[in-house]
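Chemist: Quick one: the structure is below, questions incoming.
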Amino acid sequence: MDEARKLKIAAAAEALTYVKDGMRLGIGTGSTAEEFVRLLAEKVKGGFRVIGVPTSERTAKLCEELGVALTTLEETPHLDLTIDGADEVDGELSLIKGGGGALLREKIVAAASDSMIVIADQSKVVETLGRFPLPIEVNRFGLGATIRAIEAAAVKCGLAGPLNLRLKDGSPFLTDGGHYIVDASFGRIPDPKTLSDALFAIPGVVEHGLFIGLARAAIIAGTDGIRTMNRS
């Protein structure tokens, strides 16, 4: 097993200690979240009771294969806790998420939860967000106009950089909701809130990967052990 996977498992194992029997749980998407699902499934086999809302079809499939009971936000609109990964996390626990393409559902599930705990390895911790390209989920209609509006909004925020339509097997990547994703390489984002507001003002933008004020804590695994970052 490589070192990167060991760190993901370590963070996932620590997060599992926050999950109590009978909880309604939001379950994230991505490689670290999948390690959490595998550990959770082992506890479920031993009689531990949880019911989960997955943030993607991929996560739902893994949960079903491993025997983790699932529900929906229609049936269970209020969740106790969400456990999810992140592409970047800063000292204020603002995040960039969406590398796996599930940012819309991830944000809906996190917002429906009493709290959100992020699991990640040390490489995801940054002083300022933006090293990882920011995923922006957009409606397929009017793509060119939407990209132009994103560029203009970024300039007003003092940002610029390539906007790339995400591809999969040579065709535009489609989210579970049937939307495109534009990956914005703005570089450092010193004011995530201002950029967030500017992006949401664009009609063609469905969602973006800036998660601000949602994470309560981040469990960070490094070669020297586990540390927990808490939002001030």
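Keep in mind that glycine also has a Cβ here, set from the backbone N, Cα and C atoms.
Note that the structure is predicted; figures quoted are calculated from it, not measured.
Pulled these features from Swiss-Prot for this protein:
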ACT_SITE  E106  active site, proton acceptor
BINDING   T29, G30, S31, T32, D84, G85, A86, D87, K97, G98, G99, G100, K124  substrate binding site
Chemist: Within its own chain, what residues at least 6 apart in sequence put their Cβ under 8 Å from the Cβ of the residue listed as 'active site, proton acceptor', listed in sequence order?
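Modeler: Listed in sequence order, they are G28, T29, T55, S56, D84, K97, G98, F211.
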Chemist: Return the single residue from the binding-site residues list (T29, S31, A86) that has the minimum number of other CB atoms within 10 Å.
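Modeler: Sparsest of the binding-site residues T29, S31, A86 by Cβ contacts within 10 Å: S31.
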Chemist: In the same chain, which residues outside the set T29, G30, S31, T32, D84, G85, A86, D87, K97, G98, G99, G100, K124 have their CB within 8 A of the centroid of the CB atoms that define the substrate site?
Modeler: G28, A33, A120
Chemist: Relative to the Cβ of K124 (substrate binding site), which residues of the same chain, six or more apart in sequence, are found under 8 Å away?
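Modeler: Correct list: A86, D87, E88, V89, I220.
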Chemist: Including all protein chains displayed, how many Cβ atoms other than that of G99 (substrate binding site) lie within 10 Å of its Cβ?
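Modeler: Taking every protein chain into account, the count is 21.
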Chemist: Which of the three DSSP-derived classes (helix, strand, coil) applies to A86 (substrate binding site)?
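Modeler: DSSP call for A86 (substrate binding site): coil, neither helix nor strand.
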